[in-house]
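Visitor: Sharing the record's features from Swiss-Prot:
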- Ala9, Tyr10, Ser11, Gly12, Gly13, Leu14, Asp15, Thr16, Ser17, Gly116: ATP binding site (BINDING)
- Tyr86, Asn122, Arg126, Ser174, Ser183, Glu259, Tyr271: L-citrulline binding site (BINDING)
- Thr118, Asn122, Asp123: L-aspartate binding site (BINDING)
Amino acid sequence: MANPKVVLAYSGGLDTSVAIKWLQEQGYDVVACCLDVGEGKDLEFVKEKALKVGAVKSYMIDAKEEFANEYALIALQAHALYEGKYPLISALSRPLISKKLVEIAELEGAVAVAHGCTGKGNDQVRFEVSIQALNPNLKVIAPVREWKWSREEEIEYAKQHDIPIPIDLDSPFSIDQNLWGRSNECGILEDPWAAPPEEAYELTVALEHTPNEPDIIEIGFEQGIPKTINGKAYSLAELILQLNALAGKHGVGRIDHVENRLVGIKSREVYECPGAMTLIKAHKELEDLTLVKEVAHFKPIIEQKIAEVIYNGLWFSPLKDALVAFLKETQKNVTGVVRVKLFKGHAIVEGRKSPFSLYDEKLATYTAEDEFDHQAAVGFISLFGLPTKVYSIVNGEKKVSV
């Protein structure tokens, strides 16, 4: 009788490599699944490594464009920053990885899926809630959470089973990267008072070493979707990667954040998001030009909730779908070009234009070209201030001196 299959989210690192052998010992045939969401790894090597370690099959899926268009784009249009700082790098990729795990599990007739998360982080929640939403009949296995080994015990297990040990194992950092950015934790970063060492960064240049001349770029948007840089068209994934390089060269997008994790602890992390932060800033400026006041003032409430929902692993939820439906409605006229200066850690918007601009220079100007009806202000002020005036009249004699 054939062994039941389990589909493992495989990264090529020590944890998931050991997990292949461990799952085999539990009686499973392991199907490895590795997604390319822009992490910059040699994923063909990772695919082959899974087979060498013992997987019966290994999938390598190029999901960069799907990640960009279906996940990162929503974060961009929502200006999604958890606690006002974190651009949801890992939180955005987990639902897509979960989706692919479920798709392969159904294709392979697997009874379970597995991930390499510990019992301490947010990702275990994001994976398992997403998988439950997509296929409640699949069992979810978390080997690292179950085996409770120390790092030394895990390395010894790997040696005993001839599992290749990654050459970067001595690195003190825990890193996750995709198109939208790079997150880094552990090691010296666990001390919130310690300055991050320069080796903690990879996508961005230290301010001391950035160019002394700025780069001026123009980003073109169509209905809220970035399409061009300096007039040249790119796919969304390519555009984000281009901006990572352009803005990263100038040190844009470094974030040092102590955040409140979903599991109840605080965590200090360092993020690099040069492309994401540049796009969010440019997109917000174009919205300021094209959205009516009421929508512009209400949208940040939706944005904050979307960030929380994504961070908490509720991507496949009715609430997220409803929030995104509102978000998409706001993007119909967010078309135009934004000029950005990249210099010494800053993405500075210096100009914006749109065929749907609600800015009327003849109404805004203080020159002789002014077309604003100044006399209309008299009646407006009278009506606008009427509630305050009435309150003052009614309560004027009741005021108490302090």
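Including glycine, each Cβ sits where the backbone N, Cα and C put it.
Situate these features within the shown structure.
Guide: Within 10 Å of the C-beta of Asp15 (ATP binding site) we count 20 further C-beta atoms, all protein chains included.
Cβ neighbours within 10 Å of Tyr271 (L-citrulline binding site), excluding its own Cβ and spanning all shown chains: 27.
For the recorded site, Asn122 (L-citrulline binding site), the DSSP three-state label reads coil. The Cβ of Asn122 (L-citrulline binding site) lies under 8 Å from the Cβ of Ser90, Ala91, Arg261, Leu262, Val263, Tyr311, Gly313, each on the same chain and at least six residues away in sequence.
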Visitor: List the other residues in this chain whose Cβ sits within 8 Å of the Cβ centroid of the ATP site residues Ala9, Tyr10, Ser11, Gly12, Gly13, Leu14, Asp15, Thr16, Ser17, Gly116, in sequence order.
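Guide: These residues sit around the ATP site: Val18, Ala19.
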Visitor: Report the member of Ser17, Ser174, Ser183 (the binding-site residues) whose C-beta atom has the most other C-beta atoms within 10 angstroms.
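Guide: Of the binding-site residues Ser17, Ser174, Ser183, the most buried by Cβ count within 10 Å is Ser17.
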Visitor: Looking only at Ser11, Thr118, the binding-site residues on record, which one has the least crowded Cβ, with the fewest other Cβ atoms within 10 Å?
Guide: Thr118
Visitor: Under a three-state reduction of DSSP output, how is Gly13 (ATP binding site) classified: helix, strand, or coil?
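Guide: In the DSSP reduction, Gly13 (ATP binding site) maps to coil.
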Visitor: Is it possible to get the count of other C-beta atoms within 10 angstroms of the C-beta of Tyr86 (L-citrulline binding site)?
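Guide: The answer is 21.
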